Amino acid sequence: MFRIGQGFDVHKLTEGRPLIIGGITIPYEKGLIGHSDADVLLHTVADACLGAIGAGDIGKHFPDTDEAFKDADSAKLLEHVWKLVKEQGYELCNADCTIIAQKPKMAPYIGAMRERIAELLETDPSRINVKATTTEKLGFAGRGEGIASQVAVLLQKRTR
Ligand SMILES: Nc1ccn([C@@H]2O[C@H](COP(=O)(O)O)[C@@H](O)[C@H]2O)c(=O)n1
Ligand SMILES: C[C@@]1(CO)OP(=O)(O)OP(=O)(O)OC[C@H]1O
């Protein structure tokens, strides 16, 4: 039994915040803002996983009106989501992630993101792909106002 899920998220860039994407802190003049640490990629992975098991979205599980999630470490949120996936008896086939950002260059950090996401989803990094694209300076991402990401995951029912 296979289940597919997809996620999409956007966070605004602002001065005075660290830039955390895929669990990795990236040196940059701006960072993403949110109720949590605003790790747009880990949020998107979590949403894709929740989608695959038909369990709603991260806003449902971690409301941005709840002080408990203020400045939350998104890795902890994803760990919780992954526990729900495991409770339903699934494991990861693969995840394919796209970061949509004009700047900064993600390429130097892609390997570390891949390893961190693999660690959080208890799988081998070969099952995780992370890529990045600009929008050729078009739209909010192109103007450097925010960063978006898209993720597709495929889960399969554990046989052991
Ligand atoms: N923030 C980004 C955006 C892109 N890259 C890498 O550059 C390649 C070319 O980007 P295009 O938008 O012109 O397709 C892309 O394939 C990525 O490898 C990046 O590292 N960081
Ligand atoms: C993660 C949560 C919770 O802290 O807040 P944000 O960091 O604002 O992120 P978002 O993707 O807008 O929605 C999910 C949230 O409820």
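We count from 1, first residue shown onward.
Using N, Cα and C of the backbone, Cβ positions are placed for all residues, glycine too.
Nobody curates TrEMBL annotations by hand; they come from automatic prediction.
In the predicted model, the domain '2-C-methyl-D-erythritol 2,4-cyclodiphosphate synthase' (2-155) has a mean pLDDT of 98. Taken from TrEMBL, the feature domain '2-C-methyl-D-erythritol 2,4-cyclodiphosphate synthase' covers 2-155.
In sequence order, Gly7, Asp9, His11, Ser36, Ile58, Ser74, Leu77, Ser149 are the residues near His43 (divalent metal cation binding site), counting only same-chain partners six or more apart with C-beta under 8 A. Positions annotated as divalent metal cation binding site by TrEMBL: Asp9, His11, His43.
Around Pro104 (4-CDP-2-C-methyl-D-erythritol 2-phosphate binding site), the C-beta neighbours below 8 angstroms that are at least 6 residues distant in the chain are Leu19, Ile26, Pro27, Tyr28. According to TrEMBL, the 4-CDP-2-C-methyl-D-erythritol 2-phosphate binding site annotation covers 9-11, 35-36, 57-59, 62-66, 101-107, 133-136, Phe140, Arg143.
Proximity of His35 (site 'Transition state stabilizer') to non-local residues of its own chain (separation of 6 or more, Cβ distance below 8 Å) is seen for Asp64, Phe69, Lys70, Asp71, Ala72, given in sequence order. According to TrEMBL, the site 'Transition state stabilizer' annotation covers His35 (among others).
What TrEMBL lists as site 'Transition state stabilizer' is Thr134 (among others). A sphere of 10 angstroms centred on the C-beta of Thr134 (site 'Transition state stabilizer') encloses 14 other C-beta atoms. Mapped onto three states, the DSSP output places Thr134 (site 'Transition state stabilizer') in coil.
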Same-chain residues at least 6 apart in sequence whose Cβ lies under 8 Å from Phe62 (4-CDP-2-C-methyl-D-erythritol 2-phosphate binding site): Ser36, Phe69, Ala72, Leu77, His80
Env. residues of divalent metal cation site, Cβ within 8 Å of mean position of Asp9, His11, His43 Cβ: Val10, Leu32, Gly34, Ala38, Asp39, Val40, Leu41, Thr44, Ala148, Ser149
Those recorded positions in Asp9, Ser36, Asp66, Thr134 whose CB falls under 6 A of ligand 1, listed in sequence order: Thr134
Binding-site residues listed as Ser36, Thr133, least Cβ neighbours within 10 Å: Thr133
Rounded inter-Cα distance in Å - Asp66 (4-CDP-2-C-methyl-D-erythritol 2-phosphate binding site), Thr134 (site 'Transition state stabilizer'): 33
Listed recorded positions adjacent to ligand 2, that is, members of Asp9, His35, Phe62, Pro104 whose C-beta is under 6 A away: Asp9, His35, Phe62
